[in-house]
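First, the structure itself, so that you have it in front of you.
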Amino acid sequence: MNWLEIDNKHVWHPYNSLPSKTNILGVKSTNKTTIYLNDGQELIDGMSSWWSAIHGYNHPKLNNALKKQVDIMPHIMFGGIAHEQASILCKKLSDLTGLNSVFLCDSGSVSVEVALKTAILYQKAKKKDKYKFIALNNAYHGDTLGAMSVCDQTNSMHSIYGSYLPEHIFIKEPTLGFNSDYSESIKDLEEKLLKYHEQIAGFIFEPVVQGAGGMRIYNPNFLKDARKLCKKYDILLIADEIATGFGHTGKMFACDWADIKPDIMTVGKGLTGGYMTMAAMITSKNISDTISNSEIGVLMHGPTFMGNPLACSVANASIDLLLETNWNENVKNIENIFDIELKNAQKLDLVASVRNIGAIGVIELKDDCYAQEIQDYCVKNGVWIRPFGKLIYSIVSYIIEDNDLKKVIRTMINAIRSIEEKR
Ligand SMILES: *Cc1c(COP(=O)(O)O)cnc(C)c1O
């Protein structure tokens, strides 16, 4: 059996059946923004590996950081032990976010779990039994139990789990559009807070861009108003920056658009430049002090691979690289190209709307039945994207060449055109 046959027989892929009902591509290697397939074909990467490969693949500085660290110390348990790379990383994250206390996690979903547990603990430390969270409709926060419970209840991939999930409180999502009126959503938040604040530990949201739950861009001012309302009731503001963080929206963190500081932030995806699985939950000093000085005293969580030195070293190299390059100019340039090129999609019959911010571009179709066909067309024409439902979208590495980005967008549009022509 060759390894693709083994894959087909033994390997379960994300959000898929076994064997997969859709075509799985064998990838041989990657470089910068190119994916080299087993069959010799080359694809331009329009996904940056689910928002993570912000510097492209195989960047010499990131490769070297890992090579160096593997000889020093590949892993050491984090219980009762400190090491240099973790210390450096936590200081960097603290400086970047303006928050103090960092808990390293092994994936984004885990950092969301830890954020929810921490919020409950903080409230308990203040002698309040508050076990509920407010979340936005269309939210996506991950695939583990707690994270699933704050994802959109019907539109998410998790509705099938029904009563297995804890029940939380959902509010109307802010209207689509960076400059749109969001008053209905704030009104809903205000009403729910008034009614349920005695049970609510925190409000969790994806700032400015809701990702996997609909690729929705909304007005950052919503966050300013939410900040004020939550402060009033001592309800923690939990910003899930796992997708938006490290520059994807044109600011280092999407919360920067609203000039707000959340109480808790989760980061992941781009944290290691797409090299290693790692995420972090970061809180204000007030939260860690309140918990640590209470009867509870400790945060009961500790993944085996917490603070893995390889992941820390490549995260440090990735953040350094980001800060020493003109990432914001690169992201601005990407945004400008999306601005211009996506206009050509707007006119198509199958297209409901287009939107973009930073390194993120989205075409929303009127129907949800074309995703696979569009993906197949793009692969055939040298572009890797992975649409879902009505959403044909691209998130690119900040190093992508202008012509490659144009090819990604134009191929997406041509794919939609080809379907229109066939109808
Ligand atoms: C991807 C994502 C997660 C989950 O992260 P994993 O590393 O896949 O567990 C959580 N929240 C948001 C906003 C995400 O985009």
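Start at 1 and count along the chain as shown; that gives each residue its number.
Cβ coordinates come from backbone N, Cα and C, glycine included.
Sequence annotations record features per position, and here TrEMBL assigns substrate binding site to Trp50, Tyr140, Lys269, Gly302, Arg386. The pyridoxal 5'-phosphate binding site annotation in TrEMBL covers Gly108, Ser109, Asp240, Pro303, Thr304. What TrEMBL records for Lys269 is N6-(pyridoxal phosphate)lysine.
A description of the local structural setting of each listed feature is requested, covering burial, neighbours and distances.
Long-range C-beta contacts of Trp50 (substrate binding site), restricted to its own chain and to partners at least six residues apart, with a cutoff below 8 Å, comprise Lys269, Ile395.
DSSP gives Gly108 (pyridoxal 5'-phosphate binding site) a helix state.
Its own atom aside, the Cβ of Lys269 (substrate binding site) has 27 Cβ atoms within 10 angstroms in the protein chains shown.
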Just the binding-site residues from Gly108, Ser109, Asp240, Thr304, Arg386 whose C-beta lies under 6 Å from any atom of ligand 1, please, or none if there are none.
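The ones that qualify, in sequence order, are Gly108, Ser109, Asp240.
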Pop the Cα-Cα gap between Gly302 (substrate binding site) and Gly108 (pyridoxal 5'-phosphate binding site) into the table, whole Å please.
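Between the alpha carbons of Gly108 (pyridoxal 5'-phosphate binding site) and Gly302 (substrate binding site) there are 15 Å.
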Validating a neighbour-count step here. Other CB atoms within 10 A of the CB of Arg386 (substrate binding site): how many?
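The Cβ of Arg386 (substrate binding site) has 17 Cβ neighbours within 10 Å.
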In Å, rounded, how far does the Cα of Ser109 (pyridoxal 5'-phosphate binding site) sit from the Cα of Arg386 (substrate binding site)?
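Spelling it out, the Cα of Ser109 (pyridoxal 5'-phosphate binding site) and the Cα of Arg386 (substrate binding site) are 21 Å apart.
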